[in-house]
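Student: One structure is given below, represented as C-alpha cells, and several questions about it will come after.
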C-alpha cells in the first residue's frame, strides 16, 4: 500500500506551498543518491518524496489526490487524466527547485575550474607565545608540512611532454546525467572523478596529483598587543591546488601562555603583590618589573589595607594596531606573620594591649554594628 503523500513529506494536509517546499528541500538533501551512494533505501525514499512533492505542489493534482487518493493517478482510475508523466509546465517548476536545492550540494563542481583544477585545502597551525612576546611582538619561523606544486609537471599531473586529455565520458564537464523516471539526476563522472580530464601518462613524481608533500619554513609576523585566540591568515600558504589549481590559505591560531605574575584583561594587566603587615601599617616602597623589562616603583602609604589597588598608567599591554597602551594594576595582599619567636609574640601582644579603636576602625566598627543589629532583633 502506498504511503500518504502528506505523510511522506511530513506535513499536514492544510500545508501551504511554502511549507511543502521547505519539507521537500530538507528531505531531498537527506536522501539524495549522491549523499547516499549504494543505499537503495535512500534512493527509494528520494523517489517517493519527489513524487509526493510533484503531486502536491500542483493545485489540480493536489485537488485530485485529496478527493481520490492514489487512484487519481492510476491507469483507468477516477483521475486518470492527470497521469504520471508530469509533462508541460510542471516539469520546469521541478527543474528550478531541483537546481536550487542541489546547487549547494554540487559545490564540488563549482570549486573546480576548467581542466579539473581544484583549490587546495586550508591549513591550520597552532602557535603558543609568551605574554612578553605578545607585548613586544615578534617574527617567528615555523615549519609547516603541506602539499606543494610538483616541480616536475608544474602541477598538471601529467608526465612532462604530455598533457591531460578531455574526459570522453563527460566531455570535460566532470558530471553526467542519469535519467530516473520523470527527472534526471546529475552525478560525478565515474571515469574522471569529476575532474573533467583524464591523465593517461601520469607524472612519476606526483603520480598524477600535480602536487607533492614537503615541509616548508614560513615567517609569521606577530604584531604587538596580539590577544589570546587571535587568528592570522596567510593567503596562498595552504595546500597547493590539484592539477594547477590555486593554493589554499594557512591560518595561524595563537594562544598566549599563562604568566607567572601577570593576568591580562584586554589591554590592562593585573598583579597581586604580597607585603608585610608592618609595611602595610608603616608604609614603604617596592619595585615591580614590567613586561618591557623596566622597573616601576610603587609607594605604599601608611595604613594600606588588603585589596588596595595602585594604578601604573601606561604600563599595561599595547592596543593592537593603535598607539594606545593599557594600565598595570597592582593589588596589595597583606601577609600575616607565621612561626613567631617568643619575643615577636610578646611584642605583638604588647601592641595589641596598647592599641585603641582608632587603630582598627573597620574591625571595631564592624563588630559594634553586628552587636547592635542582633540586639535589635532580640528586643
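The backbone N, Cα and C atoms fix where each Cβ goes, glycine too.
It should be emphasised that the depicted structure is a prediction, and the values quoted were computed from it without experimental measurement.
Dumping what Swiss-Prot says about this protein:
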| type | residues | note |
| --- | --- | --- |
| DOMAIN | 4-69 | domain 'J' |
| ZN_FING | 137-215 | zinc finger |
| BINDING | 150, 153, 203, 206 | Zn(2+) 1 binding site |
| REPEAT | 150-157 | repeat 'CXXCXGXG motif' |
| BINDING | 167, 170, 189, 192 | Zn(2+) 2 binding site |
| REPEAT | 167-174 | repeat 'CXXCXGXG motif' |
| REPEAT | 189-196 | repeat 'CXXCXGXG motif' |
| REPEAT | 203-210 | repeat 'CXXCXGXG motif' |
Student: Neighbourhood of the Zn(2+) 2 site (167, 170, 189, 192): other residues with Cβ within 8 Å of the Cβ centroid, in order?
Tutor: 168, 169, 171, 172, 173, 174, 175, 176, 190, 191, 193, 194, 195, 196, 197, 198
Student: Just to confirm: which same-chain residues, 6+ apart in sequence, have a Cβ under 8 Å from the Cβ of residue 167 (Zn(2+) 2 binding site)?
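Tutor: The list for residue 167 (Zn(2+) 2 binding site) reads 174, 189, 191, 192, 195, 196, 197, 198, given in order along the sequence.
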Student: Sorry to bug you, but what's the C-alpha spacing from residue 170 (Zn(2+) 2 binding site) to residue 206 (Zn(2+) 1 binding site), rounded to the closest Å?
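Tutor: If we compare the Cα positions of residue 206 (Zn(2+) 1 binding site) and residue 170 (Zn(2+) 2 binding site), the gap is 25 Å.
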Student: Taking the center of the Cβ atoms of 150, 153, 203, 206 at the recorded Zn(2+) 1 site, which other residues in this chain have a Cβ no more than 8 Å from that point?
Tutor: 151, 152, 154, 155, 156, 157, 158, 202, 204, 205, 207, 208, 209, 210, 211, 212
Student: I need the most crowded of these binding-site residues: 150, 153, 170, 203, 206. Count other C-beta atoms within 10 angstroms of each C-beta and give me the top one.
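Tutor: Within the set of binding-site residues, the most crowded position is 153.
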Student: Take every residue in the repeat 'CXXCXGXG motif' (167-174), average their pLDDT values, and give the whole-number result.
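Tutor: Mean pLDDT across the repeat 'CXXCXGXG motif' (167-174) comes out at 88.
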Student: Given a Cβ distance threshold of under 8 angstroms, which distant residues of the chain, six or more beyond its ends, lie next to the repeat 'CXXCXGXG motif' (150-157)?
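Tutor: That would be 163-164, 199, 202-206, 208-212, 240-245.
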Student: Let me know the DSSP-derived helix, strand or coil state of residue 170 (Zn(2+) 2 binding site), please.
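Tutor: It is coil.
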Student: Neighbour count first, Cβ atoms within 10 Å, every protein chain included; then name which of 189, 192 tops the list of binding-site residues.
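Tutor: Per the Cβ count within 10 Å, the most buried is 192.
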Student: For the repeat 'CXXCXGXG motif' (203-210), find every same-chain residue at least 6 residues outside the stretch whose CB is under 8 Å from a CB in it, and list them.
Tutor: 149-153, 155-160, 240-244
